[in-house]
Amino acid sequence: MTVGLSILPAKTPTIPSSNNNNNKNDKKRRPKTISTFPTDPKTLLLNQCNTQRDLHQLHAHLIKTPHLFSHDPSLLSQYLLESAALSRHGNLAYALSIFRHIDRPTAPAYNILIRAFNANRSMRDSLALYDRMRADSVEPDEHTFSCALKSCSMLGAFQEAEQIHAHVIKFGFGSNGFVKNTLIHVYATCGDLEIARRVFDGMDEKGIVTWNSMIAGYSKSGDWGSVLDLFYEMRQSRVSFDEVTMISVLTACGRLGDLGLGEWMDGYIVENGLMGNRNLVTSLIDMYAKCGEIDKAYRWFEGMRNRDVVAWSAMISGYSQSNRCLEALMLFQEMRKADVEPNEITMVSVLSSCAVLGAFETGKWVHSFIRKNRLRLTVTLGTTLIDFYAKCGFIESSIQDTAHPRARAIYDKVEEMMGRIKSVGYRPNTAEARLDAEEDEKEASVSHHSEKLAIAFGLIQSSPGATIRVSKNLRVCTDCHSATKLISKVYEREIVVRDRNRFHHFRNGSCSCKDYW
């Protein structure tokens, strides 16, 4: 990490005069004048600044009345800095100007700015300021480490997190629970669950935040078994759980098909009157849908009062995954009537249903929506769109209409893949294709399934030997499973496919599911 001194402006802040009458309505707009502000410094600064003008006038007032902070003059700059950086009407550039003119900034002053940079999504500047603090021999405290580690988490900056972890130990905060919670979060976010678990296991006292951080780390990595194992351990430790815990556990139940625990959660939500919690209810809908209990999912969905796009998408996706494609499209029409704009999950689910039903016009509307709103085509959305056109018999249209900017290259790669795996024994299983098509059309159709398109794109985009990861919301078909095993062998790649039931790890011609899924 290097010190970014350019983030600190050199110019002294200009303090407007308190008798500035540029705005004739200013007195009406501000209910309190500077003379009537309370004398408590924290309230004075954080609660009374309703505008930028208030902040500037307050700066002038405090310079004229330093006796408010006579017990600790450094608090004057610190509280003013906090107001400028973190209040509702604060200004980060103004805060930086104030900071630059503090003779010897203390750790709390640095912490305020590091927090402010994080709040403004300027995490690199946060880390640069942390480096500046170290270079100035200012000793960090627990809040410094927590804020700097959060910057690393937001950036996915593993090496910087390791360096700060070393500083944590050096300055004697290695056993600080507040800092350790942040360490667990940052390592889990950066994908190193082994280190995160070591920090977790080394804690004598684990509160709910600690447990949630570790459970969330496992959830993010898709280690659903560890999510449930840790939840049971949490219960045995008699630690209360909350909404955050429950959402992670319900997600794991859906992925693993653990209907029993999911239903227990359902009962807990009802018994504790949490039915109005939209996030929890949406997680229940998703869990029931993934466990095959689509009617139970719909009962919860039907009872929701304020449905957001996440709730609509969970239900539409559930219908699509359960092959109740007509109901998925009917619900999508209801969603449009409710003026709720679709997200990527909605569009992938609708396009998948359109592909099954041959609902070309609805699929075209989704494509038009994507183009009209200039949405970024992710691998999943792009390949689902191509798959939709292919299954509806419009393969060339999907290329000419730029369903994906690299559609032609993807199709060419698919043809290459099919040729190479046929040379080692692959035979297309055309039972997966439409019954009303000719045999050659059936073969072309199965070769353009979304997972094959996604794998082809992965081969184009990634470096040789890199792992290819594919996610889909339906069960992987028999033909794609057989083909992917051979692709992993021929191209010497590990391919990880997550379908509605499980993770499939393909390596050297075999799959982790042992052909049972």
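Any Cβ shown, glycine's included, is placed from N, Cα and C.
Any TrEMBL annotation is an automated prediction that lacks curation.
The following features are taken from TrEMBL:
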- 1-34: region 'Disordered' (REGION)
- 106-140: repeat 'PPR' (REPEAT)
- 207-241: repeat 'PPR' (REPEAT)
- 277-307: repeat 'PPR' (REPEAT)
- 308-342: repeat 'PPR' (REPEAT)
- 425-517: domain 'DYW' (DOMAIN)
Secondary structure tally of the repeat 'PPR' (308-342) (DSSP, helix then strand then coil): 26 helix, 0 strand, 9 coil
The repeat 'PPR' (106-140) - residue tally per DSSP class, helix then strand then coil: 26 helix, 0 strand, 9 coil
The repeat 'PPR' (207-241): DSSP-derived helix, strand, coil residue counts: 27 helix, 0 strand, 8 coil
